[in-house]
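TrEMBL has this to say about the protein:
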TRANSMEM  70-98  transmembrane segment
DOMAIN    89-376  domain 'G-protein coupled receptors family 1 profile'
TRANSMEM  110-130  transmembrane segment
TRANSMEM  150-170  transmembrane segment
TRANSMEM  190-209  transmembrane segment
TRANSMEM  243-265  transmembrane segment
COMPBIAS  279-303  compositional bias 'Polar residues'
REGION    279-308  region 'Disordered'
TRANSMEM  318-334  transmembrane segment
TRANSMEM  354-379  transmembrane segment
Amino acid sequence: MNELTWTSGSMTTIDLSNDLSLSESFLNNSTETNVSNTNSSLLAIPAFGDVELDLSLIERFRSNSRVNDVAFFCLIAAYCVLIIFGTIGNSLVVYVVARQPAMRTARNVFVVNLAISDLLLCLITMPLTLMEIRSYTWPLGNSPVSCKMVGSLQAVSIFVSTLSITAIALDRYQLIVYPTKKSFQLTGALLALAGIWTLGVVLALPLFIVRTLQHHDIPIPNSPITSVDYCLEEWPNERGRSLYSIGSILIQYALPIITVSVAHARICNKLQVRMASMSHQQQQSTRQPPSVTNGQQTPNDSSARAVAREEKLRKTNTLLVAIAIIFTICWLPMNTFNVVVDTWNVFGDDTETMLIVYAVCHMVGMSSACANPLLYGWLNDNFRKEFHKIGTSFIAKAMKTKANTTSNANRPELPSVHVASKRLEATSGVAEKDGQKQSIVTQCPQATGATTAVTMLPSPTGVSHYRTEVTVVTHLVAEPPASVHRVNEINAAVSQEQHL
């Protein structure tokens, strides 16, 4: 174990393998400071006074890396995949509800709230966790507020996400099991969301209180390091830390699992009873003599509807079971890791292994941010239809842009014929040549100084057709004669297709 000892009247032993890598004992101004390591020899540096420093410890602070480069690269790749997919999926859920007024229901308000909390997990919690895994010291500078806000904000997003899942399960339970009772309206749903966020902030408040930033000046010789900052959790006692850990596990994991599982089990049972009752009623109706009226259902129609209802019930039950199982699997490793680390020192001095295991458990928990848009969005018929519309529209626009670009690149450049004259007389008409009608243009009066531009362009209807555009630019004329107005009328009608 890495230990830190000073000889100025007292001795403090600190496990440097944990986040509490330094303490003020190492940073004391005493002229006799010993940093011992059982795995390496001591290095005497006369330039720093009568000081013996562990060379490996100095190198550790110089590199400021708690995991090796290969492991950290793998962690970056895995976190980036989760961040990208989670951000896209949850952003689509929010966009669909904001885009379609019909989707702004009380039910979907909870789904949007879950998507927002999952976006916080993707955009804030994951990057900051990756940053803290990499660095020994606090990388955001000497800012106590950032130290407190980073930890508490991560806790808020996790609490809100799990509480939102619980609220969705309870809302569906009330809607299906007790359909006659008054359900949440939009205003009530918004008030419930305010309560969820308030509870999330309250649950994360202890972290905001105990997280403190420690700044230390350490003029390490032969090193550019002059100071370090640490963001630490300073609990009054270990009992307080243990109680908060146990309470967090109960509120963030155990209670939601029990609530979601019980609610979904009751929903499945209620749906099965309801479907059985409807099937019995249909069987009774089919036993009656068939009527000759067109409105009478045939036995085949009743059987088809029964099969459709059973299929829908099966899909609903599968979805409800999947929600409970995925939530349990996603958050089980993280909570198990916290209990094991807080109870037993299973990793000893192997800090790197502990951090890698923590990162894997954390990524499994964060994968819920990618699964939730699928469970609550894509598997919902209304959301899936809107997703399909968005995807179809995006693909159509992309193909149209590509087609326009290709058409412009392949279009032949035809010369423009500019005819300048003082007086031009033109009349438009249709002539027939070789059995085909063609547009013809003859001269007509035009104001003095006018210029006529005749351009042959490919027609958008086919490569063998062309259209003629005639543009007349008239120079300044005090009072243009009536013939000019006639030319303008011709120009407005002459942009039409002609077959060459």
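Glycine is treated like the rest: Cβ placed from N, Cα and C.
The predicted model assigns the domain 'G-protein coupled receptors family 1 profile' (89-376) a mean pLDDT of 85. Across 110-130, 150-170, 318-334, 354-379, the stretch most heavily in contact with the transmembrane segment (243-265), judged by Cβ pairs under 8 Å, is 150-170.
Residues 110-111, 113-114, 117-118, 120-121, 124-125, 128-129, 140, 192, 196-197, 199-201, 203-205, 207-208, 211, 231, 233, 248, 251-253, 255-256, 259-260, 263-264, 323, 327, 331, 365, 368-369, 372, 376 of the same chain lie 6+ residues outside the transmembrane segment (150-170) yet bring a C-beta within less than 8 angstroms of a C-beta in it. For the transmembrane segment (110-130), the residues of the chain that approach it from at least six positions outside its boundaries are 75-76, 79, 82-83, 86-87, 90-91, 93-94, 97, 150, 153-154, 156-158, 160-161, 164-165, 167-168, 171, 189, 192-193, 196, 359, 362, 366, 368-369, 372-373, 376-377, judged by C-beta separation under 8 angstroms.
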